[in-house]
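Now, the feature entries from TrEMBL:
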DOMAIN    A:13-184  domain 'Cytochrome c assembly protein'
TRANSMEM  A:21-44  transmembrane segment
TRANSMEM  A:56-84  transmembrane segment
TRANSMEM  A:91-115  transmembrane segment
TRANSMEM  A:127-146  transmembrane segment
TRANSMEM  A:158-177  transmembrane segment
TRANSMEM  A:201-222  transmembrane segment
Amino acid sequence: MWQIFHKLGSPKWFFGIATRLMPWLLAGGVLLMMAGIVWGLGFAPKDYLQGNSYRIIFIHVPTAFLAQSVYIMMAVAAVVTLVWRMKLADVFVKAVAPVGLVLTFLALFTGAVWGKPTWGTWWIWDARLTSMLILLFLYGGVIALDRAINDEKSAARAVAVLVLVGVVNIPIIKYSVEWWNTLHQPATFKLTEKPTMPAEMWVPLLLSVLGLYLVFGWLACLRMQTEILVREQRTRWVREHVMAGRT
Amino acid sequence: MHPIRKKRLTIVLFLVAGIAIAVGLTTYALRQNINLFYDPTQISAGEAPVDVRIRAGGMVEEGSVIRDPNSLKVEFRVTDFNASVPVEYVGILPDLFAEGQGVVAMGQLNGQGRFVADQVLAKHDENYMPPEVADALAKSAKNGQQPSKAGDAPAY
């Protein structure tokens, strides 16, 4: 078992696997997202109270969900960086932090667009919105800290510690709507209960969430490959790979 | 596992646990500041300060909305099914404002226990349904049957 784990740490091995996986991730992701969004925006019934404006949920929920999942994945990679000093884990953190930043921004932005007509305000300092804003700053901080330290190894460790400190925010985001009085409504989806919306609404939502996961996987592979090429530029296999691409 | 890695893992776990405890205690101590609004039970129990800008939240009581025909003045009662607080507001209400819907109002509690709001926000709940289903539920509720969808908890 440990052997597979260490093999996973080899940038060259990962590069090959990623190349083979990426077309599938992209095709599956785009297909699922298209299905979910076209179904959700065009064919799902409208809400009895909000009318058509609720349809932003098909973009808001996937981005908000991914923004938090990506952070959890980064935290797992940070533990691997600190304990096993695996290069690939650090490559992952650096490659996906900007993706997480964009997803968090999109979640906040779509939420504001929806909040203005529904609540009557585009921003309020309630626990859910504020903790999500903190997540945005955490992503920004991770990127900035990485850029600020020149030495690759010390940057990796500093970033990993910051990511782990910030992971406390994730349960706060998740449970903010239950622990405190907030303007944001509680979750429509719960693991233990039936969703509080009909199937013709939650199925397209689920499709777009899964689709965005696959697209994220594709983007993560692509960005990790780029980072690996930059870092391993002095090794033989990278030179051979680049020369092969040139001819 | 290599002993050095085991040691590192222990340090990492202590780090995360320590921060979680610190943040947990801080948010617990500040819980009233993190709460966005006071609910009617807290206000009628005298927990909310008088003449200070606060928020009050709850559900608009059925049949309590009185609109002044000559101005934008609206009066209604906000309830959490335990206690209720009278609210007055002058201005335009959000689209989702209706009897039986959740609201969060910003304003001051005056000496007579009335809440004078200068902003009213609608609070949406987590339930979504198509209009036809909502109509059917309303119809069956009128016929004396209990709607099965809305649930038992107050949905504000």
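Backbone N, Cα and C define each Cβ position, glycine as well.
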- Item | Same-chain residues near the transmembrane segment (A:127-146), Cβ under 8 Å, at least 6 residues beyond its ends | 64, 67-68, 71, 74, 93-94, 97-98, 100-101, 104-105, 107-108, 111, 155, 158-159, 162-163, 166, 169-170, 172-173, 176-177, 179-180, 182-184
- In terms of Cβ proximity under 8 Å, which residues at least six beyond the ends of the transmembrane segment (A:56-84) contact it? 9, 36-37, 40-41, 44, 90, 92-93, 96-97, 99-100, 103-104, 106-107, 110-111, 113-114, 132, 135, 138-139, 142, 156-157, 159-161, 163-164, 166-167, 169-170, 173-174, 204-205, 208-209, 211-213, 216
- Item | Spatial neighbours of the transmembrane segment (A:201-222) far in sequence, C-beta under 8 Å, 6+ residues away | 18, 21-22, 25-26, 28-37, 39-40, 43-45, 57-59, 61-63, 65-66, 69-70, 92, 95-96, 99, 103, 188-189, 195
- Lying 6 or more residues past either end of the transmembrane segment (A:158-177) yet within Cβ distance under 8 Å of it, the residues of that chain are 68, 71-72, 74-75, 77-79, 81-82, 90, 93-94, 126-128, 131-132, 134-135, 138, 141-142, 145-146, 149, 184-187
- Note on the structure: Long-range Cβ contacts under 8 Å made by the transmembrane segment (A:21-44), restricted to residues 6 or more beyond its ends, are 55, 57-59, 200-201, 203-218, 221-222
